[in-house]
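S.K.: Pasting a structure below so you can have a look.
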Amino acid sequence: LAQSLFALFASSLAISLVFAIIPLCHNVVVLAVVMAVAGLAMGCIDTISNMQLVKIYQKDSAIFLQALHFFVGFGALLSPLIADPFLSDTNCILSNSTANASSNLPHIRKSLVPHHPGNLSHYDLPMKGMVVTRVSYAFWIMALINLPVPIAVFFLLYKERMVPCFNSSSHPLLSADELAMETQPAEKDDLPTAVQRPHAAGGHDDLFSCCQSKNFRGASYTYFAVHITGALVLFMTDGIVGEYSGFIYSYAVEEPLSVVHKVAGYLPSLFWGFITLGRLISIPVSYRMKPATMVFINVVGVLITFLLLLIFSYSVVFLFVGTASLGLFLSSTFPSMLAYTEDILQYKGCATTVLVTGAGIGEMVLQLLVGSIIHDQGSYSFLVCGMIFGGLAFTFYAFLLFFHRMYPKPSSDMDDASPDKPAVMDDTGQYQR
């Protein structure tokens, strides 16, 4: 736990520093390095926060994961609104030809949207002059908004007496015994305290314990199959989130829809807005509904939505309806899949790392793939790609259900009381009584 909190502290502090430095980067190589550091920090936060919620709350983790990803979507929705007032409506560089260049901007944007860019040589855009953009303020504001996060993590480290240089005289926020009692359902209160303590603390042995080869010895093929199929589902669904939010504007402004640019600009915001709304709704829903059922509804909903978008591809109204529907169905897929897979694998935290990595790779790769396909085949291929990815997500989920049925269940009678019980009992024989 201390390793995780220190990593969260360093990563969240690095993000504030990166956002403060970005406006000062006047070289593209330096900017690329700074952005790589930001990506590394965000990846650490994403993996560790999901993994620790799973380890601490276990069967109750679905609710907390939904809450975590609600704030992810809320941040994605809020950040563009903070940056928008600082974006220039005209060219960011003043020169004698600025007036003419500014009036040409809508035409230039229209020429850049089709998959075969038009001839832009007759447009005069100044490359030298006085820079008048205020976008730097947006980065600095985001850096300040993020700054309370590392401060809060450091305060948690201090309260939990995990900072070597500071010896807090106050009591920890939650003792190990209290945490063990909090994470156990009510019907399991009759378990011996000696059983509960190692179970609660076992999730904090080592940050990289799930990567050790000894954990793979004697594992059945279904153990690896559950990891792989779960990661492939998130590869597809998170990839859809990335490619849809990235290219829906370009699809809308092109023929046959030819939506006005300003109206089309609302589509990504609508998409992220309904992702945020869906995650908020999923917090109470996940308390009543099993994660496996939620994932099934999500992947089927994504598939049906893309099918209807293809059928009504000439309808602007349905494009907005379909975008909202897609956002709702995709909203809870990641946290629900995380909770479902970890439930199969006894809440060791290893699956979380694999699934987060698979989702991140999907978000990166599918955007590149769809972008190149749209460039070669035209805008209609955008929906066709989404339909294919949705079908693959459903197929991989069907395989996951199959491997779940094949996966060996713990043989202990106390399995229902403690998902990690077989591993604990193997290591310590005293719990056999």
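Glycine is treated like the rest: Cβ placed from N, Cα and C.
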S.K.: Choose the correct range: of 7-29, 352-374, which one does TrEMBL annotate as transmembrane segment? Give that range.
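M.R.: Spelled out, TrEMBL records transmembrane segment over residues 352-374, not the other listed ranges.
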S.K.: Near the transmembrane segment (61-82), which residues from the same chain, at least 6 beyond its ends, have a CB less than 8 A from one of its CBs?
M.R.: 49-50, 53-54, 138, 141-142, 145, 269, 272-273, 275-276, 279-280, 282-283, 286-287, 291, 331-332, 334-336, 338-339, 342, 347
S.K.: Counting a contact as 3 or more Cβ pairs under 8 Å, with residues at least 6 apart in sequence, do the transmembrane segment (380-403) and the transmembrane segment (223-251) touch?
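M.R.: Yes, since the transmembrane segment (380-403) and the transmembrane segment (223-251) share at least 3 Cβ pairs closer than 8 Å, they count as touching.
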S.K.: Of the listed stretches (30-49, 137-158, 352-374), which one yields the highest count of Cβ-Cβ distances below 8 Å with the transmembrane segment (223-251)?
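M.R.: So the stretch in question is 352-374.
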S.K.: Tally Cβ pairs under 8 Å between the transmembrane segment (318-340) and each listed stretch (137-158, 263-281, 293-312), then give the stretch with the top tally.
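M.R.: Ranking 137-158, 263-281, 293-312 by Cβ pairs under 8 Å to the transmembrane segment (318-340) puts 263-281 first.
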S.K.: What residues elsewhere in the chain lie close to the transmembrane segment (352-374), defined as a C-beta under 8 angstroms and at least 6 residues from its ends?
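M.R.: Those are 43, 46-47, 50-51, 54, 115, 210-211, 227-228, 230-232, 234-243, 246-247, 250-251, 334, 337-338, 341-342, 381-382, 385, 389, in sequence order.
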S.K.: Restricting to the same chain and to residues at least six past its boundaries, which positions have a Cβ under 8 Å from a Cβ of the transmembrane segment (263-281)?
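M.R.: Those are 66, 69-70, 72-74, 76-77, 80, 241, 244-245, 248-249, 252-253, 319-320, 323-332, 335, in sequence order.
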